[in-house]
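Contents: one structure, followed by commentary.
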Amino acid sequence: MPGGPGAPSSPAASSGSSRAAPSGIAACPLSPPPLARGSPQASGPRRGASVPQKLAETLSSQYGLNVFVAGLLFLLAWAVHATGVGKSDLLCVLTALMLLQLLWMLWYVGRSYMQRRLIRPKDTHAGARWLRGSITLFAFITVVLGCLKVAYFIGFSECLSATEGVFPVTHAVHTLLQVYFLWGHAKDIIMSFKTLERFGVIHSVFTNLLLWANSVLNESKHQLNEHKERLITLGFGNITIVLDDHTPQCNCTPPALCSALSHGIYYLYPFNIEYQILASTMLYVLWKNIGRRVDSSQHQKMQCRFDGVLVGSVLGLTVLAATIAVVVVYMIHIGRSKSKSESALIMFYLYAITVLLLMGAAGLVGSWIYRVDEKSLDESKNPARKLDVDLLVATGSGSWLLSWGSILAIACAETRPPYTWYNLPYSVLVIVEKYVQNIFIIESVHLEPEGVPEDVRTLRVVTVCSSEAAALAASTLGSQGMAQDGSPAVNGNLCLQQRCGKEDQESGWEGATGTTRCLDFLQGGMKRRLLRNITAFLFLCNISLWIPPAFGCRPEYDNGLEEIVFGFEPWIIVVNLAMPFSIFYRMHAAAALFEVYCKI
């Protein structure tokens, strides 16, 4: 039975401590104390309970996949104008899925409120505050989008189905309750009603994915119609232009307001798309955490400090301002005439090449710092971190598919417009930059977080090699009985003193040389500032590169070269499949970089 604070240690422990630590200095705790019998962390998973829980996980995942596949087929049937499948049928299916999720969330929130006095395990890595803040912002814009859709429905109420008015209202209610649910329960580790909860959570995951796919399809149809209208301007008259227009066949009152609402809806779709995919990822982590046994170590809260990142922030904000200017000029010039369209494409490629070169260089410097620093890796099981890494690689493949398609089209084309030679380095850099950035982010999220703030760590450097200060700290700990619960800075002080002293004795160095080795911590502040600037710069650059494709600046559509080589329909299918993943990659990379910044 472990002793309480201040209890004397056993003789064996005392002898081991005296051998490991210099005289007069208390030994560092080598391991956390044993857990009390009966605690959730102490009891390992029961052998008999693993089979039904694994079966429930398999059954729920298959249920979710069937819901998703069936929903995708409804979306496809509506997109290709299949007989007997109209927009009202699709909206009825999505509304029913949302209502079912609403019932489950209300039941879960009500049951949690009834059991609010119970202590429940939490996954401290899941549902970070900044992530919940981001999803709240996107949810607010999604609710505004729903209001615009309701106003659009009122304007065309004479010829629109009632489901087109019910759907945005249901979606707005679903969004508000889901954000409340994620704020309060994203960190939960569900240990009761696990089979039922698995089906409820996985239903929520794939409902959000279907809503995401619906938004992507609507936004892609709008972008494709605009692209078809611009192709004739670029001189590609051999491509048949057939607009896939779903405009209601009646007059709107007033017409100017309805036109403004229609344009406003499509400008808000990118934020709605990000909201749905973020919600599905947070719910997926909740699903993976059902029945999970957490370890006893408490996760240290990350505190983001925004001092010392002036250079990275200024460079990143400069890129952001340049991005907005490029997008505005691009949207004004593209499609006006062939010469203006070509100049807009060249301008975009030059801008993107410059930004990608800077981002690749920053990522290489950051990875080199990690190679020199040789910090230990965090090998603990973390569903949220694993999902982040998997999403980075999976969504990055969307851009790689488009880039390799452009490279192959340039190599096989019979005639090459002037902007072709800017498209080639741009496509190569997209591949290389994502490769480098993924390595930097993945290595960063697997590093152990800094245990002590920078100012405390610097203070520890100054006092660590003073034997009087170490002895005073040891006596203070002994008198207060806080060998385990003491201040992290003091505990780290003693640990560092012990380690430095032991290394000096083994190497035969004198005290002055040992002091020099201990002062190596001073270099850590410079490394951290450099890494913070790199991360801040990459964060703002990823936000910048998210803006052009999200708001219609898509050279993969507008240069026309790939459509000639691969054919119009095949290339459009490739772009419509890969572009949503490419757009989401930038936002997800920005979120991951923000988390990396807080860890440094």
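Positions of Cβ are set from backbone N, Cα and C atoms, glycine also.
The membrane topology recorded in Swiss-Prot places LEU160 on the side opposite to LEU531. Here the transmembrane segment (570-593) does not lie next to the transmembrane segment (343-368) in space: the count of CB pairs under 8 Å, restricted to residues six or more apart, is fewer than 3. Here the transmembrane segment (263-288) does not touch the transmembrane segment (343-368). Their Cβ atoms form fewer than 3 pairs under 8 Å, with each pair 6 or more residues apart. As a summary of secondary structure, the topological domain 'Extracellular' (552-569) carries 12 helix, 0 strand, 6 coil according to DSSP. In this chain, the transmembrane segment (310-332) lies out of contact with the transmembrane segment (162-186); the count of Cβ pairs under 8 Å, excluding pairs fewer than 6 apart in sequence, is fewer than 3. Of the candidate ranges 57-78, 310-332, 343-368, 422-442, 310-332 has the most C-beta pairs within less than 8 angstroms of the transmembrane segment (533-551). Per DSSP, the secondary structure of the topological domain 'Extracellular' (152-161) breaks down as 4 helix, 0 strand, 6 coil. 57-78 is the stretch from 57-78, 129-151, 310-332, 343-368, 422-442 with the greatest number of Cβ pairs below 8 Å to the transmembrane segment (195-217).
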